[in-house]
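Over in TrEMBL, the protein carries these features:
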- 438-520: coiled coil (COILED)
- 526-545: repeat 'Cell wall-binding' (REPEAT)
- 547-568: repeat 'Cell wall-binding' (REPEAT)
- 570-590: repeat 'Cell wall-binding' (REPEAT)
- 592-613: repeat 'Cell wall-binding' (REPEAT)
- 615-635: repeat 'Cell wall-binding' (REPEAT)
- 637-658: repeat 'Cell wall-binding' (REPEAT)
- 660-680: repeat 'Cell wall-binding' (REPEAT)
- 1-23: signal peptide (SIGNAL)
């Protein structure tokens, strides 16, 4: 590192080797300038006088070791002590623990109250670009200069150091945060022996850089680090393009502008890949910063809320980003906006997935999510809010009424702060209160209430009409079912009569053949199976043919059924005296743990491990899908099932599979949602849609 050309020290009476008297109020100190302040004194030592400064420091150290303190740093610049007897040049004191001097950094010495050392054992240095002031008033004066040049993200001075306690401008921090940037994370307080020094960083950066740090793979010069004003400016004009594409007009109500912008922004996909990523924390900053929506076209809640807040402020609508917890307990970010004469909470996060068409947000989503969170007033700074967001309960949002009361009366220029040229003309020079007077608001709210009442009445009429049509459809279904059952009964009677006549003929023929086969009384009777005319029969121990009887064959480890004619039943059903139905396969064996498709009834049935036809119950297939067997054993298809055991409705689709994680539109024209376990959702939010206590949502086509 090159030698510093200026060595800066605070002292009482020396300015370039002179002792000028300074006026009160000129107590700001630059690296190449000194002042006199009534509490502390200053002195500037040029590079050629370093030897003299070093000798003075050695005397004050009295052969003891000293430490080096860099202003703006909470800890020592170098953790190990330094023996001044070994120092020959300034750079020896500028080195850090690794023995390096940071590249492109120039330091100067700070001499406070006439002493070379603070507390007899601290050499104080600071960055040559920094500013030191003695009082809070001087800090505020210097900081006003910074605020007048907010377009200079990398400001000429890196930090301001104050010997008197200073505090952040909380309103400024809230606005910068709303625009996706921060000016330092906090004011640093450092103890330099008997002095307390407060340091404020002046560089404007992407707030995700300051806040969360960066995944090395995501670093992008001018965007994620060393943010450039030109990139910020271009981002504003991309936001304006979105506003224009949304069809927002100057004459639109502010609420309507917000709603239109939300639908337009909903065309950007939510970053589900990052949400489900095992490296969620490391990946989070990219879809959450001010460029997520406009540049990268994928975002998460902070990214959507930040873009929305910036867009609203450009239109003259005061807005900022607020932390929240959703109903299910996850941390979330929403936008607080001032319209209709008060502050509102709007959740504008898109639910669109990559590859989907259209928008992942709708006007209905806006109407249902508006002010759904309970407001918890904390008046925290962005940093404090970030630290305390976990203390919220479900469905709560953290608000800052101190900022809100201030912001609603500020002109658009004072809210936008940076790149004021991007403000819409109809918003310039006005506050939200001036632009939207209270009398207009009251008239609008009355009109909106009337429209709401009309809509509710229309909805009730529609509901009543739907109920009537539903009852009519249900009645028709019942009547049709009765007619079908009657027709089925008639056909069954005809079928049974025909079977009876055919069986009578078969029985006579079988008896004749059996009689003939046993005519010779001396012939040995074989117990077991015998085949005649391609039919299987079973002879009992007494030689009689088994009829209407179950036979268990140990050789085949299976049950068989012989019908009233003695024939082994195949490919057919039989109802046992226990009231249960069983099915005999093509080889006559009783089906067990098996699906059977009955062409006659056009349906699937399931036989359990005991061979009984399953009714009114669930069965999980080897494909991992759940199916339901109705009271008559048929597999349910395109049908709702209420399961008393789980106190819930389920839906079986056209293939008979239990529907999960999906919407279904019922014949009543209402949309219902089935959860991951198949249960119908009730009283909850699903992807931005609210499901009421009856389980339905008016989900649009």
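The backbone N, Cα and C atoms fix where each Cβ goes, glycine too.
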Confidence summary for the repeat 'Cell wall-binding' (660-680), mean pLDDT rounded: 88
DSSP residue counts for the repeat 'Cell wall-binding' (637-658), split into helix, strand and coil: 0 helix, 11 strand, 11 coil
Long-range Cβ neighbours of the repeat 'Cell wall-binding' (615-635) (under 8 Å; 6 or more residues past either end): 581, 595, 601, 603-606, 641, 643, 650, 652, 656-658, 678
Within the repeat 'Cell wall-binding' (570-590), residues counted as helix, strand or coil by DSSP: 0 helix, 9 strand, 12 coil
Residue counts (helix, strand, coil, in that order) that DSSP gives for the repeat 'Cell wall-binding' (547-568): 0 helix, 11 strand, 11 coil
Composition by DSSP (helix, strand, coil) of residues within the repeat 'Cell wall-binding' (660-680): 0 helix, 9 strand, 12 coil
